[in-house]
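In what follows, a structure is listed as structure tokens, so that the remarks can point back to it.
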Amino acid sequence: MDPTVKKQSSSSDGTIRAVRAAIRLLALMIFLGILVLFVMMPTNTYKKKWFVQVVATTDSTYFGRQGATILIYTFPVLFSAVLGCAYLHLGKKLNNNKSKSSPKDRLAVLKRPVLVKGPLGIVSMIEMLFLVMFIALLVWSIYTYLRTGFQGIEDKAAKKGEKLWVSKLGAAALRLALTGNIALAFLFFPVARGSSILPLIGLTSEASIKYHIWLGHTCLTLFTTHGVCFIIRWIAKDSIWKQIREWDRTGVSILAGEISLVGGLVMWVTTFPRIRRKKFELFFYTHYLYIIFMLFFILHVGITYAFISLPSFYLFLVDRYLRFLQSQRKVRLISARVLPCETVELNFSKTPGLQYSPMSILFVNLPSVSKLQWHPFTVTSNSNLEQDKLSVTIKGDGSWSKKLYQMLSSSSSVDHLEASIEGPYGPVSTNFLGHDTLVMVSGGSGITPFISVIRELIFSSSVLKIKTPKILLISSFKSSSDLTMLDLILPISGGPLDLSGLRLQVEAYVTREKEPATENVKPLQALWFKPKATDAPASAILGPNSWLWLGAVISSSFVIFLVLMGLLTRYYIYPIDHNTGLDYPTSAQAAFNILLMCVSIAITASGAVLWNKKQNTMEARQVQNMEGSSAYGSPASFYNSDKELESLPRQSLIQSTKVHYGERPDLKRILFDCKGKKVGVLASGPKKMRHEVATICSSGLADNLHFESISFSW
């Protein structure tokens, strides 16, 4: 490269990094300000001085009293989400520049596991710190709410003619709900798969599911206690039948709260491990009751109070609607490889504009197997090595995957398989190059996320000529037929690969066989599908600049929502219901606002998708023309790929692989023997194995081991 061009590129990268750092700092300051608000919210100073002043300046005939909560709670979060979109777009530009330096992980020490076993699973030091801080926030909120709520309660009880304990129980029940609203405010952030908030603090959605679980348990525990306390209070006052059916016109709608709580309890019951594992379909479909839970929660408390916890739900709705639009497309499934170990590799056609990182997750729906079921799988292809193909590997462990394997491995040929996808979703960046040695420990189908990692390092070493870390892959399999999954490490398409710079060592363990099986060995079966004219290559729903478009959708939809809400409030709701002359019903106002919110999101998201559809269609035509004029995408390509498997890269992989029969890996010995100042350790597979690896890395006996926590617990 010309030194002048190289210098300009380096200067441009430095500017981008500086801008990203400034954006991230601003977003973190906003988050800190929001946390301060949650700390101050239970105090009298906030309620009687600060918030009153804000209401005085924002209360108008245009926005009404909800203007204050929008300004304080909703706008900062959505603004941070837009900042996150800009941050991720700039990061994508850095990745496109193929920078040869890997960023230093300044939080490596804090990412080490401190808890391994127990109900919380593997928890790092930084996660533990945040957990302790969040619990402290809840305890502080409950304590402060109760202290302020009990002030002068004796006089209030005497005026109402109530027993003191009944008044205190009602006050405590209300304060428990106020504290539960804090947990609800964060509940939907982890489940927005295309979130722009989580990457700002170094998180991904699939790795944050456990936070959603923790928040869900906390939220429903507090809300359930809130409901039970009020029921006891009504029984004590002998007014339960009157109160339980009450739907107040301008106040709190008790019946709406009860419907919300029942929906939440049904969801909650199905989340416990025994039910979720044995009846996953029941768990999955009852989770759609979140619509009932949130809708009637907003009707229960009114839109003004709901704006405190609404921002995360707003971002979730944007993400969910975009996923819905993507799932309506029929994706071109071009081929499949059926391995003898009851494993299937599905290969989708894709446009070059669809980029993703290693260990990304793809949700797949195959109507011929099940019309309703969507299943997540780790992507095994690499968007740099295979620009026109997207692959996932499916192990026949459950009923859905076994049905797919039987369908494709049967004697009757399948010439077409209809498919829809959502994603891919995954980490926006990786830090694999920051290690001296990279150890990947897998069990069974847990090898699939590491295939994408190895292919990424193949691209870095053979194309970018970057020095990659030494790779040690430790894979445990039940039988020798599972060893065929190692054949998936090398891509079957693309140009010749130079593996001379890749320092790869594979240690494979077959635990249930003493020697290689020689009888009844099934050959690898290749299938080619004939796509329909309506099938299209997989593409990014918002195009190559998806993060910028997402930021535009979030900001423009919120502006449209504010305009529509203001017009509704000014000319229809405020100050009275023109039809009856009474104050406008709180639940009706909330319902109108929810409707306007959904309409705003649908208009802007649909517009963004339609705007990018033209670009995606042009790329799809180019891909189809390339497939039609080349061997790729035809049956002959599989024969060529079989020959490629016997080529020099294939032989290099065989030489780097050592198979051990009838034994399990001694992980402690292997990990402690790893050399290098910084050894990255990743584990994927059975829970017991992941906990063992995390325990070894957190023991403190080897300072060079850095456990990289990954999660595929969808």
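Heads up, the Cβ atoms here are built off N, Cα and C, so glycines get one too.
Copied over from TrEMBL:
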- 326-431: domain 'FAD-binding FR-type' (DOMAIN)
- 21-41: transmembrane segment (TRANSMEM)
- 70-90: transmembrane segment (TRANSMEM)
- 120-143: transmembrane segment (TRANSMEM)
- 172-192: transmembrane segment (TRANSMEM)
- 213-236: transmembrane segment (TRANSMEM)
- 251-270: transmembrane segment (TRANSMEM)
- 282-299: transmembrane segment (TRANSMEM)
- 547-568: transmembrane segment (TRANSMEM)
- 588-611: transmembrane segment (TRANSMEM)
Is the transmembrane segment (588-611) packed against any residues at least 6 beyond its ends, judged by a Cβ distance under 8 Å, and which are they?
-> 66, 295, 298-299, 302-303, 306, 314, 317-318, 321-322, 325, 541-542, 549, 552-553, 556-558, 560-561, 564-565, 568, 573
Positions whose Cβ lies under 8 angstroms from the transmembrane segment (70-90), at least six residues beyond its ends = 16, 19-20, 23-24, 26-27, 30-31, 33-34, 37, 51, 54, 58, 63, 185, 195-197, 199-200, 307-308, 310-312, 314-315, 428, 545, 547-548, 550-551, 554-555, 558, 562
Against which stretches of its own chain does the transmembrane segment (172-192) lie, if we need a Cβ under 8 Å and a gap of at least six residues from its ends?
-> 38, 42, 73, 137-138, 141-142, 145-146, 149, 198, 203, 205, 208-209, 211-212, 215-216, 218-219, 221-223, 225-227, 229-230, 233, 297, 305, 308-309, 311-313, 315-316, 318-320
Can you tell me which of 21-41, 213-236, 251-270 gets the most C-beta pairs within less than 8 Å of the transmembrane segment (120-143)?
-> 21-41
Long-range CB partners for the transmembrane segment (213-236) (under 8 A, at least six residues beyond its ends), listed in sequence order, are 120, 131, 138, 163, 166, 169-170, 172-174, 176-177, 179-180, 183-184, 186-187, 190, 243-244, 257-258, 261, 264-265, 267-268, 271
Positions whose Cβ lies under 8 angstroms from the transmembrane segment (21-41), at least six residues beyond its ends | 47, 50, 72-73, 76-77, 79-80, 83-84, 86-87, 90, 137, 140-141, 182, 185, 200-201
Residue numbers, six or more beyond the limits of the transmembrane segment (251-270), whose CB comes under 8 Å of its CB atoms | 216-217, 219-220, 223-224, 227, 243-245, 276, 279, 282-283, 286-287, 289-290, 292-297, 299-302, 586-587
Per-residue pLDDT averaged over the domain 'FAD-binding FR-type' (326-431) comes to what?
-> 86
DSSP helix/strand/coil residue counts for the domain 'FAD-binding FR-type' (326-431) = 13 helix, 39 strand, 54 coil
